[in-house]
Amino acid sequence: MQALPDAVQARVNYDSFDGLRGVTALAVVIYHMAPLAGTGQIMPHGYLAVDLFFVLSGFVIAEAYGPRLRAGMGLRNFMAVRLMRLYPLFFLGQVLGFAVMAVTGHDPAALAQAFAAGALLLPLPVSFGEIELIYALNSPSWSLFFELAINLAFVFLVLVTRRRLVQLILLSALALVATALRYGSLDVGWNLGNFAGGVPRVAFSFLVGMALARSAPAMRTGNGVPLVLILVVLTLFVMPVTAWWFDLLTVVVVLPAVVYAAASRQPTGFVSRMSRQLGRISYPVYIIHAPLLHLGDWLIRTWHVPPALHGLAWAAVLAIILLLSELAVSHYDQPVRRGLPRVLDLMRRPGRPA
């Protein structure tokens, strides 16, 4: 790839964003684990974590890659970078999903079909006797499809004026309102019946993230604001309100305000170190937890674990998810991402004459 000036490559590291990502990824795990564990849903709005991820993504990508694209990075190079960042762990999630579904006795033909489509990033609805998920082997993968789609659109969006960006945000907000009214919530985009609802979800939040990056506040150090923002987000997720307007208020007003405030504070000391570690494992936690939860559920039922020990068993499952997420980063994702550019360079070189 073409080298860019240091001024173009420079970027601030937002440890406060890392903390939000990590805690929010854990909230998603609890959101999916609670029904399996029989505790009742203790994170009824955990699905809104995805909207926070999209706002953070729009902010970070606009700041990190906006200058590079305007300096001539190009569509192919940008998407190659994004795929190298997202695909290795995405693929690992598909492999884990395939393995767990195979072990638990699902139809091999349907598994092969779902794996082939998933490996190619294609949203193919496959039914295993339940709701037709568009990524049946690893349900959270749906958001990665929309993330890559909006990343592709970003190559063109990066050139729009502030006024046009505001217009696009307003249009996507109207679509978001229509989506909330149509489905009764913003828990959409993940199956065949509500797939179309994922478009306004990613469009609005990503565009808002872009706009926030263009007007980012001056950064100061301090731990109070980042910790309060994490508490605000967790409070939103546990609110026992089942109304479409609550989802809209959270996504349109509160989450953008949280990201803007987080951009103004850089945590220090222990909070900074913990935030970085949470950010480090946030993506693997998000993208591999679903198959591991289903495996844990199957083992608990198969081994007839006494109900009195279910809490301990699920705590062990959560600990295993965290451990495997760290191992996935250090022993799989990072080595693969280091090696991929070299492999691609070798593939681009013309063959030597005989």
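Placement of Cβ uses the backbone N, Cα and C atoms for every residue, glycine included.
According to TrEMBL, the domain 'Acyltransferase 3' annotation covers 15-322.
Per TrEMBL, the feature transmembrane segment maps to 20-39 (among others).
Sequence-remote contacts of a segment are chain residues at least 6 beyond its ends whose Cβ falls under 8 Å from one of its Cβ atoms, and for the transmembrane segment (46-66) they are 11-12, 14, 17, 20-21, 24-25, 27-28, 30-32, 73, 78, 81, 143, 146-147, 150-151, 154, 158, 186-187, 189, 201-202, 205-210, 212-214, 216, 233, 236-237, 247, 250-251, 255-256, 258-259, 263, 286. Taken from TrEMBL, the feature transmembrane segment applies to 46-66 (among others).
The annotation transmembrane segment is assigned in TrEMBL to 86-103 (among others).
Beyond its flanks by at least six residues, the transmembrane segment (142-161) meets 50, 53-54, 57-58, 61-62, 65-66, 69-70, 75, 78-79, 82-83, 86, 90, 121, 123, 133-135, 168, 189-190, 195, 198-199, 201-203, 206-207, 210, 287 of its own chain at Cβ-Cβ distances under 8 Å. Under the heading transmembrane segment, TrEMBL lists 142-161 (among others).
What TrEMBL lists as transmembrane segment is 168-186 (among others).
TrEMBL lists 192-213 (among others) with the feature transmembrane segment.
Sequence-distant contacts of the transmembrane segment (220-238) (same chain, at least 6 residues past either end, Cβ-Cβ under 8 Å): 15-16, 19-20, 23-24, 27, 31, 42-46, 48-49, 52, 250, 254-255, 258, 261-262, 264-269, 271, 275. Residues or ranges marked as transmembrane segment in TrEMBL: 220-238 (among others).
For 312-332 (among others), the entry in TrEMBL reads transmembrane segment. Beyond the ends of the transmembrane segment (312-332), by six or more residues, the same chain brings 29, 33, 36-37, 88-89, 92, 280-281, 284-285, 288-289, 292-293, 296, 300, 305 to within a C-beta distance below 8 angstroms of the stretch.
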